[in-house]
Structures are given as C-alpha cells and as structure tokens.
C-alpha cells in the first residue's frame, strides 16, 4: 500500500496552511454521514450528480460524497478510532462499519502520532482534507480532541498496564422501576450484583435467553448509568440478531457475523479492547458486553500459529492466552476509571472444545450468572439458576442491611429446586415495584413497626 500524505508538524500547526482548506460552504460531519441509511446516502449522491450510485458499497458512497462536497467548497470534520500499522502511520476506523478498513478511512501521519502520543484505540476527532493527486485517502489536518478531551491530556495519562486494579466497589444500577414485564435485571441485582470493574460470565446453554438477557442489561446500564460508555461486541453472531441489538441498544454495537473469517473476529475484538483501555486511561467508566467469549476463543484458536501441543477438543495450548488477556482486562482502577466486561460462555453445545474453553475461563471471572436449560424449557424467563449464580466480594457493592436480606433470601430458596426457586422469586417480584419494596415485604410484622 503506497501512502503519499506527508504534512510536516509546522504545516499542520500553521493557520495559513489550515485556512487553505477552510470551509467556503458547509461543514460535513463524517460521523453523521456514516450513520445515514444507504437509501439516504444514495439520494444525497444523486443530488450531487455522482455517477453509478447503485453499484457503490456504503463506504464507497461516503467517499464519493465527501470528495464531491469538498470540490464544491465544503470542509470536513471527522472522527474515528486509531489503528496504528507496523509502518508507523495509522488510519481512523469507524465503529459504524465495525472498524473494517475502507476507502473512507482517515490517514494519520507518523509525525502526528508521535507528537500527540497516540496509540491504537485512541478516539481522535479533527479537521480532514480530501486526497490530493496521487493520494488514496482523506488525511487528518488538525487534531481537535483525543478520547473526547483536549489533546494535551493524552500526554499525562498513565499506561493501562501500569494502573492499579482493585475489587469493584461502586455498584452498576441495573434495576428498572418501570419494567413490569421483565424482571431479569432485578433478579441479577438480588443474586449477583454488578459493580464498575466487574469481570462477569453469563454461563448459558443454547436457547436459554442469553441474548435477550444481554439486551436487558444493556438497556438498564444506559438508563441508570448515563456516565458509562457502553460497547456491545457481537462475535460470530447471526446478522438478524445484530440488527435487533443495534435497534434496541443505545450504545456502540459492533459485530463480526458468522460468515466472516476468524481473523476478522480477532481484529474487531482487539480494536474494541484497545479503545476501552484508552478510555479507561482517561478515567472513564467503560462496559463491554460480549456475545460470546467462547466464539472469540474459537476464533483465536483458528488464527494462532500451531504450537504442536493440542489440548482435549482440539484447542491449541497457546490459543487461550489472548482471549484470557481480553477478559482479564476488566478491572476497577484506583483513582478513577473502570473497565467492566460481561461475557457469555456457551456450554452444553455438544462440542468438547466449548467445554474446554469454559473450564479455562471458569475461575477467571469475579461474578457468574448461570442460566439453566430446564428452566428455559418451562418457558420461565429469566432462566437464572439462583443458587449457582453469585458475585465475589458483594459486600463492597451493597450495604450490610441489604446484604443480610440477600443472604436470608438465599437460605429460603436453597431447599427448592432451580425451577421452583426462580418461580417463587418472580411471583414475589410481581407484587413489588422495586427491590427495596421487596425487602420491606420480607420483614416480619414486628420489624415493619
């Protein structure tokens, strides 16, 4: 790939140089353009009299619209997530196209990367210009923001690997008061409360409602914790489920469907985790919902070079190191910032490989939500096995009085079977609007007075 965009630092900070590309017409926001539907882009392209519109892919359409708009006197503001290539230069990839390389990517020169201390995963926003003669990509002219903050702050950040991890001590509010039909997030609050920095596994056999449960968790997080940056990562999923998730979740939804190669699954996961790490370095709270960790581990197993040592089920001995590093990145950070990862692990699929992957990940999380096939077969949702689900160090997330009531609840339902336990709890929750109201109902008449 030949890249010829070469701007010196002096040029890039020179007002006269920037004014040469200053807007005479409209400002075009590249991010908003990429969010448009293909039909809207086609209509816009036809207005600009671009030829062969129907034969162009979405990214090619965006590129053509930008180029034509600049010719007519417009200027462009762009944003994307940086991927630094081995040659030293980088490109801003877009979450709207799942960080896939395309003609509408924005080129960043090595001098800009060095000057601002940029790394893979940084979210960069700035003014961009159209490609000159002999160039293939739009180029970044001026950096306005790095990770939604002033670029100067990027100098003083501490590397993610040097940050001190702690147990989660601030609870993620998952309880939705207005949700009278679905009690899944209220049940999670009672049996396995989540905190900022949690590393949680949803252990799920097929057809137990794990994807719907993830959607409910995502909805609860965005409603109750607006300060949290939410990313939903779908690996090896069906395209219709991706569309459903994009339409139901207010957050960043990125996906690599089952018809894409394993290398694409891995590249997407690496971009997402690097982006999350850079945001945590800026003391932000990030939540990643992964569906599914098992399929991600399968993808790593496919792309990793063979070590010659193969475990049971066909898993290479070195294959699980990188997915473990992905999952292990979840942590609560001392002095601000946290990365929470809630991932689904598939079991009872009939694949020995999936069982081996689950066993490897079993002890790495600090919270587990176990879904039961027998409960789901009775069409009871959420199909959570209460006795087998729980969170480590939950005393740091809830106060002592509530914790004692949670323990009393566990003692009451322990003699019951898994189906009877969740049915009993759901019937009680139906009569109350909040979990606090539910705990009040648990009190004896003497305690209520």
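Any Cβ shown, glycine's included, is placed from N, Cα and C.
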Field: Residue from 238, 247 that Swiss-Prot also lists as binding ATP with 195, 196, 197, 198, 199, 200, 207, 208, 209, 210, 211, 212
entry: 238
Coarse DSSP state, helix versus strand versus coil, of residue 238 (ATP binding site): coil
Query: Looking only at 199, 207, 238, which of these binding-site residues has the biggest number of Cβ atoms within 10 Å around its Cβ?
result: 199
Field: Which listed residue (195, 197) has most other Cβ within 10 Å, given these are binding-site residues
entry: 197
